[in-house]
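*Asks:* Have a look at this one.
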Amino acid sequence: CSGFPLSIFFIVINEFCERFSYYGMRAVLVLYFKYFLHWDDNLATAIYHTFVALCYLTPILGAIIADSWLGKFKTIVSLSIVYTIGQAVLSVGSINDLSDHNRDGSPDNVPLHVSLSMIGLVLIALGTGGIKPCVSAFGGDQFEDDQEEQRSTFFSLFYLSINAGSLISTIVTPSLRATECGIHTKQRCYPLAFGIPAILMAVSLIVFVAGNRMYKKVKPQGNIMLQVCKCIGFAIKNRFRHRSKEFPKREHWLDWASEKYDKRLIAQTKMVLKVLFLYIPLPMFWALFDQQGSRWTLQATAMNGDFGVPVQPDQMQIVNPILIVIMVPVVDSLIYPLIRKCKINFTPLKKITVGMFLASMAFVAAALLQVQIDKTSPVFPAAGQTQIRLMNLGSVPAVVQFQPQLQNVDVAPKVATDYMIFETSQLQSLNVTSGSLETTQSLEGLLEGKRYTFAFQAFGAGIASNLVFDNVTSKPEEGKNLIRFINSYDSTVTVVLDDETVALLLPLTASNYTTIPGGKRQHTIKGTTPSSSCTVSSKKFGFGSAYTISINECTQDTLNITYFEDIPPSSVHMAWQIPQYFLLTCGEVVFSVTGLEFSYSQAPSNMKSVLQAGWLLSVAVGNIIVLIVAGASKLSKQWAEYVLFAALLFVVCIIFAIMASFYTYVDPNEIEAQFNEQEKEDKKDQDDHGKETDSKM
């Protein structure tokens, strides 16, 4: 087809579906841990990065299986089956109704869901990592040696399919997650968010197998990584055997392998090890980079996602692939040429250093943003403390005295104070004075670490009051809002919210909190008393707020209500994450792209797979670093952890710059040519020696 083997179209479609499956599942994973399995942020982050690390460790296994045993085609098919099963198991494990026998909206057998989820993720890691080094190489095998231009176009289409799959899935699956589904109770639809990627993975497998007869299949020819490892192992062992001073030193420790391995392999291994030595600091970059899907997504859950339409926290990850598409051509066609015009020697290693620095600055930006988020976050009582808020529902000012002589507070009509913190053991009672009326409320027996609202209302015969337990100890999750109603009317009120009855309230009693979606949507509130019925449209509650709404009287069929803010809505907009994404993406462009190009330019052609394995291993180690820090960190503030990561990468950046200054660039082709020339001379000498022997005979 236009000079291309028809088989490559099956491979490109296969890659698009597989990347959609992987990135779509990964986009919602950390929120699944947090909101479905109810893990805390540190555990969710740790398991997320354990999974990502596995995904980048298993490619080494996949490459060895393909090159030494099954071949690329059979490896892709067999591991894709494992991959598809893993996606299906993860989707089944996220079905709430699987163990919700009492139909209360929460799974009754959480260990079952955790077990299924972990089994699914291990299978996915084995599948996606195992086929990673095989698919692109298998596509390259489809071309003849004289089809260099077509092969180059294929790789462009191949990487376009990767980015397209990532981009589309990062929009789609968070939207699916945000919908509600379920048999008995409606929950966030994780089964659909994981189920669609599972279907796409099955489609990927079917499409790939459908092209079976068209593929050009290269037989396994042994894995160069194993040869390199054996060469290194033999050199170390041989050097240890000959550690005595009676044996002369050799120019390089790898030269101790010369008794068993040829000079070409030893020289190639030396070049590879020089590059791999420079890889040692690189994992720190990936430790920061891969937190887009964990810490940064969790950060977005505490922000305002109103972009005209509600944007889910996990959808913010789409900023990275969008910026990649924009920044790669800008950097290549504008930034680098400008630097060259300024006659600055911007070597590949200098580019990698700059990439590290930019990633470090991205986390400084994340820390500054986190400080602003923390300023708007509500303060909840610590152990041994209780918070009390005063709510005057009457039309007369009042003075409240906390006994014994703790605090006097003036409360205006139709106003609620902020929450006040007290030592629980010191609270005994409070006295309310409103005009000539007075009442006392006992405060003994209040729970530590909890919030209470003391609502009161003065009327002709006295002061009615009610101490309401506020059953909220954290900001609402996923940007949702909480609202409850309190009846300041003089008779029983039935409260209907959006055509659903939420409470039957006696005077001065409060309903439980009702969860409503975040965003700009207005809700219809209807209050019905024995003598009247009236409605009103609510305000827009934003994201992550909690309100108590006082039901007052009716005026011409309009319900009069008063809003009391229990927890303020998230005021820091998600758009403020864009600067940190921009810095990190710029860092990725000059780090990742340059790193691969540098690695390939400094290694022999038959050693590319070794360097690719080393590169993927650096990503895995980076995720293990996050796992260790998240598990061992004693920092109570998230902004401090961001600063810690930024500082660590900055220090590593300096170390890498020093290491890079001692590196000498080589030309592998020139070294290969020298070996080829040497081999020709050796062969010629052998032929001449053979002729001399023949003439003497």
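Cβ atoms here come from the backbone N, Cα and C positions, even for glycine.
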*Asks:* From the ranges 12-31, 112-131, 452-471, pick the one that TrEMBL records as transmembrane segment.
*Replies:* 112-131
*Asks:* Using a Cβ cut-off of under 8 Å, list the residues of the same chain at least 6 residues beyond the transmembrane segment (271-289) that approach it.
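*Replies:* Cβ under 8 Å, 6 or more out: 228, 232, 254, 349, 352, 355-356, 359-360, 362-363, 584, 587-588, 591, 595, 598-599, 602-604, 607, 610-611, 614-615, 617-619, 621-626, 629, 645-646, 648-649, 652-653, 655-656, 659-660, 663, 666, 668, 671.
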*Asks:* Mind checking which residues reach the transmembrane segment (642-666)? Cβ under 8 Å, same chain, six or more beyond either end.
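*Replies:* Hits for the transmembrane segment (642-666): 271, 274, 277-278, 280-282, 284-285, 287-288, 291, 295, 347, 349-350, 352-353, 356-357, 359-361, 363-364, 366-367, 370, 602, 629, 633, 635.
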*Asks:* For the transmembrane segment (112-131) and the transmembrane segment (73-92), does the number of C-beta pairs under 8 Å, pairs 6 or more apart in sequence, reach 3 or more?
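*Replies:* Since 3 or more Cβ pairs under 8 Å link them, the transmembrane segment (112-131) and the transmembrane segment (73-92) do come into contact.
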*Asks:* Short question: which residues 6 or more past the ends of the transmembrane segment (152-172) have a Cβ under 8 Å from it?
*Replies:* 4, 8, 11-13, 15-21, 23-24, 27, 136, 139-140, 142-143, 196-197, 314-315, 317-318, 321-322, 324-325
*Asks:* Can you work out which residues elsewhere in the same chain, 6+ from the ends of the transmembrane segment (192-211), have a Cβ less than 8 Å from its Cβ atoms?
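*Replies:* For the transmembrane segment (192-211), the list is 6-7, 9-11, 13-18, 20-22, 24-25, 28, 32, 76-77, 80-81, 83-84, 87-88, 90-91, 94, 169, 172-174, 176-177, 179, 181.
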